[in-house]
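*Asks:* My questions all concern the structure below.
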């Protein structure tokens, strides 16, 4: 009887279980609160939401509702009113009648009028209507116009001190006055110089003199102008009486007898003309009158609004109802009086008084209406008067401008105005004053009476709701009681039926109890049997331990066998043949062994061990699988014991829970049978395993005897040592995996629970507990594992093992990065502590140190005492440190910079008053200045509260001097052996702490070194509400440039269709970074930020190369610290569309190809992917924030994706502040500040430079200058000519911090807290009279200073502004930015080796002039003519280039590719080569095809080749007409180093890869002659070569690196020619062509003409100061472009004529930056442009000169071609790109010849 709302009920009482559909009650007969019972025709009922006011859940605002007498009655929630809760109650606002809308409490910040009871805010919009205390705004959140202060917390809005006449506005927070145009002064109380008219209150106008004045502006005091002869007027704007012909030279005197004439025409007049000398500034009273009229209009408008609002509002409506009710009562009493005359007579006195009051009231109302009518009439008159006055003002202004107005009209208007003014002055309103006063008094009395009545009415109304509520409840209870009576009768009958059923059940229970006793006896018997099984299982486990030892023996033998096999490949032929035969026998025996094991392997576990021990697999995988097999076997043997434990648990459960004993007994029987079967199978398996082990032992003994006969050296001992190390390493690896597994499983469970909203506190605590235990274990295991890996790596195993080791290191680094970003707190119990890994770059902490964290304390549970919070400093507490503590109920920031301790207590918010939630704390130190911030999150009734306290260290020390070896970072407490400074020697912390950031880098407590008494299982972390703070409420992800998000199988949320769309929101200030990247094999799709602009590039295997879209349109520049929505729409058959902020930017034609991707990387990608293609090698990770990523309009939570690494949630504003800048010598930054550098100044600058001179800071005021410069390496401060210079020099490429200060006594400069220089302030240096004002200053240079601009980096700079606290300058906000980079700072200290080599060359230059350092025979052919370095004249005085001429490269490794025939050629083929050869090399490539090695005879009948095809290695050679061909099974173009051995022994070919994979092929015919001729070709072949023997797609050179090339164990050293081969450089690369220091050049064909007229453009980044860039030999001369001692020069020789010129760029060519060189020739005129520097030369015109086409040499030329008179003949070393001749791009890959060490296509990045 559950009315269809429940599926189950109790079988005895019939009470319904789990009522649904919002029903409740024992029989689901009632509805839950907020729902109304609605009967239906089928006897059931439904519960519908109360229509209070709407019947939808979002707009049901009733606590309870019922329907009585066909009318719905709603009991409204708090904040709602009306019969149907259809409106908001007083004090609330909203529209309950609108879907998804509700009523919210008015928020006026406590600033509303306290005299108003209800109308606190508008009942729909919520705008506060009656702000109090001089406040204004929608929420009374700011001070009103003309007031300033803190309207929310301090509530101290006070009137601005500004002059009202000269002020346009007053800052509502600071009270700073903003002046009207032309007005100045702190209070806007005076005109600027050259301006006047302050009294007009319209701002000051520029006081400009007329043309006939001797000066252009007025005198600053008299505001008048000196006139030329004949001119007059205050501004010399007219002629004097008796003068005419007004001009800039003055006026002429009238030539008339009367002496008077017309001043315009000169016509004689009988008497002087009347001149109106008054202008608009004369009638000040007009402006006062207009201001009074404006105030009157405002007052009347307010009065009008008040009158109109009398009849509005809930209170007024209630009062009207009360008056109606009173009138109705009076009518009733009047009928009574009429019916009873005596009563009327007795009350006549009362009515008489009432009639008198009524008469007076009527009279007062009439007078009030009359007054109101007069006021309206006055308003109308004043408005008309205002219009007339404005017309008059306009006429007067017109007259003041135009001199040709009719004088008669002027006279009439003047008389009319004077008459109006006279009438206004005679107007007497004093007779009306008493009447108005009386009316005002009477109106106040009436208002007072009305308010008294209103209070009585309110008191009565407040008593009515409780009475109504009581009556309503009483009525409801009566109706409920009637229903209960009817139900009770039914319940009595149901109870009788239930009693009968209960008696029957009791009888059945007695019979069950008897059967249970019998089952109990059977269970005891089962237990006895199980104990026997346990003892048998223990024996089996002991024997399984022996099995694991046999497995280890098999593993060791397999490894030794493999090592021996590799060494055998180098032995002689007979030994190799015997070894091969023996290997075949061993293989046969191994196969038999494997078959035997398969026969005895019941469950397949031994087979797994055999697979794991396979010698061709990786040793790490092999040992890992063996461990897994052993663990699995051990687990199987323990399952019996686990089953018995389960039986014991079941037995206890049976005894205590008798109600379920029958079912459990049945389950126990079934489990017993399963255990018996399982134990039987285990015993059988163990017996079979023992037999197998015995067989294996015998065969292993035979194997050992065979192997021991082959080896006699120390190899076995080395192998055993390596094996032991590998075993230890893998055991450690297994421990790491076991430790990490709980984290993985718990996190997955946690994620699933979170997704299903099934999370609980227990699950949370368990997850944190597992994470804590795992991280603690990892801290011990990871260092030991790295040590083991290092030992293995030093043994120089095969390269794939080294690669795996490096991969493990990379994964561990990623794991630590993830640990840094764990945003979970730790709970400290007063005894625990955590030591966190400190900042990786301690140099950044010296100048600025900032730590943010979240702290939670509970003053109610744990009384606030003096406690330690954190400490950063020396382990012994003796050096500089900083810390945080709670002392005297205040949060105290403590730091010491080598002098006295500084304590900054935050006294404005005691800790005992903190709410028991996480509060945000940040401590910051800039130099010697410190701050502590506290932010308390918004509670239910208060907004977010912020507090700040600042202080500074005494003395001059500004740097945080710490030793990297001794620095520690403790949180919550310290271990006993650590000694803290006295201010921090306090009791450990009690509460919860979560770290936020250290110098804006995310940091976590879980990135700890060590914990002390930190029990996560006992002290569970406190959960933190992540959205409590306003800065965290925007869902976003923070990328730091190292991490990335990876979405695997992106098609699971949306399919790749005809139209595919990607959307991403980005906010960044970085110049470059990945937005998203998709890669699959050699195909990719990239959207990135490059130089601040969006760049799209993709390649799906196109023959023409990647498709690139990049443009410099402003809409594509998005690194402006604002969010931008970027969308890419890929239409399969049409176009690729790029949208920015929903605006169409660009469309590209689509090659009609489907997107072939499944995964997508966001914000970055692993280095292995970025190195897979040259186009991606320069791509860097994103630094910034991503707000949402969508694929096909489907959102992804990037933090929940399994492949995401190194990103965190949130987007702090500090991430978009640019506190460092890089200056190039042509750049500077400019801004304004309110400061006085000549009187009181303090500024700090972090700087780094290699240049001896540069301008750091600059300000000028007229002829006065204030500057901070680097001069010859020293720091110099110049203040009005007084110079203070540092003692040492600081242009060493290191970071230095300087503090410059100016005060009343002295000027001082302090560098690095050590080099302090001072000068006494001269007595002549007077203070500025103007005081602090807004002034312009510059960093890094200036547009007006004559001093050289700075080249280098400036960071963490500050100055003491008057209008804000000391804080680092945010260069992002500067108004002037000229060619300044606000990103990375490339200035680095020159390598020590480079400086040493430069000094060595300098000291020995003269000694080596006659020596040659190279063996000419070792130089490539064609380069032997090039002069060696030592033959060049010494350039000892030239500073070395910033970039080394030898970039970091892999030793003895070469890079091939870039051109199709890139190669090296070797001679000296040994005599035994025709019979047998053994080549070995190491290879690293991403190419899928290309030639690696080739040799043949002249006719190419006999040949040998090694090449790549589809990523696989192919080794082939011929035997007569047959071919031996060995092809690898896997691909090896993965970018990792691989060891390759290829052997030819007669007709047998063998290919060995990484020492693990051995492939072989042979053909018949052993006595076939085979002969080849030199040279060997490595990396490629000349054009037209090898086409007969190699497939076409592998004929070109492979793109990659090759090293350690050996033939028969000897290095190949007979290299004679090199074409397009460079060293294999490490690190990033970028597009361009690199000319290496080994020398080389490129020859262009004759289609590029450099004759009599051309334009040549190139970009270069040199690594040497001198070298030939371009050379063109001609029949009668030459044309050469070269570098010499840091200058660019050009020489043109045409017959006997020679033209030459040089250009020296300001910042130099060797600064590590790209430089653009342009050469323009037009016959006899040549112009050379380097960056922005220009020079040209003109020679004699040669009419007989002819324009021949000659080859062009780039980067150098053979020595025979270069002229002897050239300043330098060295080859160019460095990068070159974007070479164009006559606007045609030059492609070096298509050049006629690339000779020497020239790398086409890629350059080492700077």
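Backbone N, Cα and C define each Cβ position, glycine as well.
Annotations for this protein, taken from TrEMBL, read as follows:
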type     : residues  : note
COILED   : 576-603   : coiled coil
COMPBIAS : 1312-1321 : compositional bias 'Basic and acidic residues'
COMPBIAS : 1405-1416 : compositional bias 'Polar residues'
DISULFID : 131-140   : disulfide bond
DISULFID : 143-157   : disulfide bond
DISULFID : 179-188   : disulfide bond
DISULFID : 227-236   : disulfide bond
DOMAIN   : 106-159   : domain 'Laminin EGF-like'
DOMAIN   : 160-206   : domain 'Laminin EGF-like'
DOMAIN   : 207-253   : domain 'Laminin EGF-like'
DOMAIN   : 823-1022  : domain 'Laminin G'
DOMAIN   : 1034-1211 : domain 'Laminin G'
DOMAIN   : 1218-1385 : domain 'Laminin G'
DOMAIN   : 1453-1624 : domain 'Laminin G'
DOMAIN   : 1631-1803 : domain 'Laminin G'
REGION   : 1312-1334 : region 'Disordered'
REGION   : 1396-1441 : region 'Disordered'
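Map the listed features onto the structure and describe their local environment.
*Replies:* Within its own chain, the compositional bias 'Basic and acidic residues' (1312-1321) has Cβ neighbours under 8 Å at 897-898, 956-959, 961, 1282-1288, 1296-1298, 1302-1306, counting only residues six or more beyond its boundaries.
Of all the Cβ atoms in the protein chains shown, 30 others lie within 10 Å of the Cβ of residue 140 (disulfide bond).
Take the CB of residue 157 (disulfide bond) and look out to 10 A: across all protein chains shown you find 24 other CB atoms.
Neighbour list (residue 227 (disulfide bond), Cβ cut-off 8 Å, at least 6 residues apart, same chain): 212, 213, 214, 233, 236, 250.
According to DSSP, the domain 'Laminin EGF-like' (207-253) comprises 0 helix, 17 strand, 30 coil.
Mean per-residue pLDDT, taken over the domain 'Laminin G' (1034-1211), amounts to 85.
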*Asks:* Applying a 10 Å Cβ distance cut-off over all chains shown, what neighbour count does residue 179 (disulfide bond) have?
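*Replies:* Around residue 179 (disulfide bond), other Cβ atoms within 10 Å: 23.
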*Asks:* Which number gives the other C-beta atoms within 10 angstroms of the C-beta of residue 188 (disulfide bond), all protein chains shown included?
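*Replies:* Here the count is 24.
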*Asks:* Please give me the CB contact count at 10 A for residue 131 (disulfide bond), counting all chains in the structure.
*Replies:* 24
*Asks:* Can you give me the Cα-Cα distance between residue 143 (disulfide bond) and residue 131 (disulfide bond) in Å, rounded to a whole number?
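*Replies:* About 10 Å separate the Cα atoms of these two residues.
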*Asks:* Nearest to residue 140 (disulfide bond) by Cα, among 157, 179, 188 (disulfide-bonded residues)?
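*Replies:* Comparing Cα positions, the closest of these disulfide-bonded residues turns out to be 157.
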*Asks:* Between the domain 'Laminin G' (1218-1385) and the domain 'Laminin G' (1631-1803), do 3 or more CB pairs sit under 8 angstroms, pairs being 6 or more residues apart?
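*Replies:* Counting Cβ pairs under 8 Å, at least 3, so yes.
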*Asks:* Let me make sure I understand the structure: which of the disulfide-bonded residues listed (143, 236) has the fewest other Cβ atoms within 10 A of its Cβ?
*Replies:* 236
*Asks:* At the Cα level, what's the spacing in Å between residue 131 (disulfide bond) and residue 157 (disulfide bond), rounded?
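*Replies:* About 12 Å separates the two Cα atoms.
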*Asks:* So how many of the residues in the compositional bias 'Basic and acidic residues' (1312-1321) end up helix, strand or coil by DSSP?
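*Replies:* Breakdown, helix to coil: 0 helix, 6 strand, 4 coil.
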*Asks:* Please list the DSSP helix, strand and coil residue counts for the domain 'Laminin EGF-like' (106-159).
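*Replies:* The breakdown for the domain 'Laminin EGF-like' (106-159) reads 0 helix, 12 strand, 42 coil.
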*Asks:* May I ask for the distance between residue 157 (disulfide bond) and residue 188 (disulfide bond), taken between their Cα atoms and rounded to an integer number of Å?
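*Replies:* That separation, Cα to Cα, works out to 20 Å.
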